[in-house]
Amino acid sequence: MTTQPTPSFDVQTGSDATTISLSGAWTTLHLAAVERAFLRSVKNAAHSIALNLTGISSIDTNGAWLVEQFNRKADALGKSCTVTGASENAGVLLDTVKNRPKSPEKQKPDPFYITLLYDIGETVVTESRTTLHIIGFLGEVLIALVRSCIKPKRFRTTAFFYHLEHVGLRGIPIIALLSFLIGMVLAYMGAQQLQKFGAQVFVIQLVQVSVLRELGILLTAIVIAGRSGSAFTAQIGAMVANEEVRAMKTTGLDPVDTLVIPRVLALLIMLPILGFIADIMGLLGGALMVWQSLDIGLSGFIVRLHETMNINNFYVGLVKAPFFAVVIATVGCFQGLQVTGSAESVGRLTTTSVIESIFAVIVIDAGFAIFFAAIGI
Amino acid sequence: MNDVILSLRNVKTRFGSRVIHDDVNLDVYKGEIIGVIGGSGSGKTVLLRTILGLNTHAGGKIEIFGKQYHKLNTKEKHKIEQRWGVLFQDGALYSSLNVMENVDVALKEYTKLSSATRNEIAMLKIFLAGLPAESAELMPSELSGGMRKRASLARALAMDPEILFLDEPTAGLDPITANAFDELLKTLQHALGFTVFLVTHDLDTLYTICDRVAVLAEKRIYAVGKLDEVVKNPYPWIQEYFNGPRGRSAKPVPCGEK
């Protein structure tokens, strides 16, 4: 590529006429050197302006547009502007460019507090609408559940078992490991703190209450929301984007029956089981740490557990599992069905789904905590 | 029209052990519209991607603007990238940017123009591509298939490329829209004088706008030349292509009867 001279222009002002001679390469990459000054020069020019293009070595549409913009500015200021010396090529470009209509007037953006208020209002409205839709969707799912109870033929056994495996079986290692670690951390931190009062032995109670009542199941629900809830959204969303769901509808298959019910049921069955595994592993992790730091062996741990344990703690934890399961599965499937066709929306809605289901899980958990405290369990 | 802008010499490409192109030779001249045709799976799109440096080739030489793209360093590659424009099959618009921002991407990256001027240029390209000014604010997901292609054309034209690569620009468009697109391309090419390398299946496009046609078959460029010369090539695929029911109906005037 030969190096092209940068574009420049030369203004000669007479008494009532200005001649501006352009030279150099008026092409996209070089235009930045002149654009502002060139467009500004129209202001100081005399009433009649002549643009002389003889000197330019090359020009493209973007250069031609700059000339045209100059022309239009001159027009707007009531000055006359003529272009002379355009080569054939430049002439064609100028003619092509000339037809471009004026850009539509941009509206002035509202002051920031207005947009802020608007955004807040919009978020409140859309979020409450989504909540309503999810509740409506939950109803739809329940009706479909009842329907498949009445007509078991509608039930998709293969899909159900597939999801049992993917949600449950394959989720066991991660959940087991995480709750084991949490149990260990709890016991370790508890032992350190309680040592100050010489009450180390209560560590077992601490681990037992927190793991069984809250952490075991909450942790499971959060991991499953991230692992399976997001997968539900992504799977169903990809199917929507690929028009598979529409194809299903035209064949007379109900997406709720085929896609949602197996997932909801699989999670409904698996989440309590996973929660139970988490409980056991949490206790084991606690036992290990208690043995390590307090020198109480496993048998001692179990005896102590037995003495202090209120079985209600265990029930309180597990009774929440089905609720979490329904919420996670429903939100995951609902968001998947909201996909509008672009791959981008699959990603966005997967994020939304995880955030919403974790949020819902924690809110429900808090509700349960208050409820059980009120009835004294 | 004698300057070679793109030349392929003995180009070989393969995926694993599967050979896609064995010996591709082709010259593209400045200012022409060349159409590359070939059966499904003959590697037209692969050839295009190879020229653009998206695939590596196993042998041979590809020269664009007299340089071998894949051997250049990043800075020199950018220089080439500023001189070509590419329109992918389904537009490949950036889904998170609206139409104007899509057009603006290269301008913003490579020029130091003020944002006002860049917007003006983007609007100009949107106009040249035949889109209404209102569409500038739309997101790609809000566009119809034809509009997406036009928006993508506007983006390809942003830097005033010297050569434009088009991958099946009229695929999936209705005949009227496809025709309009062909016309648009022809008008723009006439006005702006760029070179067009066009991969297509559309016989109408070939008849209306292409100066020359290259046939990709048997893993090489089997025939290249003016359309009426290529039509006479006895190779069975070419005969079937141009003289099959679709081929015959696309012919503007009866020619090449047996």
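Placement of Cβ uses the backbone N, Cα and C atoms for every residue, glycine included.
Predicted automatically and left uncurated, TrEMBL annotations should be read as such.
In TrEMBL this protein carries:
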type	residues	note
DOMAIN	A:7-92	domain 'STAS'
TRANSMEM	A:171-190	transmembrane segment
TRANSMEM	A:202-225	transmembrane segment
TRANSMEM	A:256-277	transmembrane segment
TRANSMEM	A:283-303	transmembrane segment
TRANSMEM	A:315-337	transmembrane segment
TRANSMEM	A:357-375	transmembrane segment
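Here the transmembrane segment (A:315-337) does not touch the transmembrane segment (A:283-303). Their Cβ atoms form fewer than 3 pairs under 8 Å, with each pair 6 or more residues apart. Nonlocal intrachain contacts for the transmembrane segment (A:283-303), taken as residues 6+ away from its ends with a CB within less than 8 angstroms of a stretch CB, comprise 179-188, 191, 200-201, 203-204, 207-208, 211-212.
For the transmembrane segment (A:171-190), the list of distant contacts is 202-203, 206-207, 210-211, 215-216, 219-220, 223-224, 227-228, 270, 274, 277-279, 281-290, 293: same-chain residues at least six beyond its ends, Cβ to Cβ under 8 Å. When pLDDT values are averaged over the domain 'STAS' (A:7-92), the model yields 82. Broken down by DSSP into helix, strand and coil, the domain 'STAS' (A:7-92) contains 37 helix, 33 strand, 16 coil.
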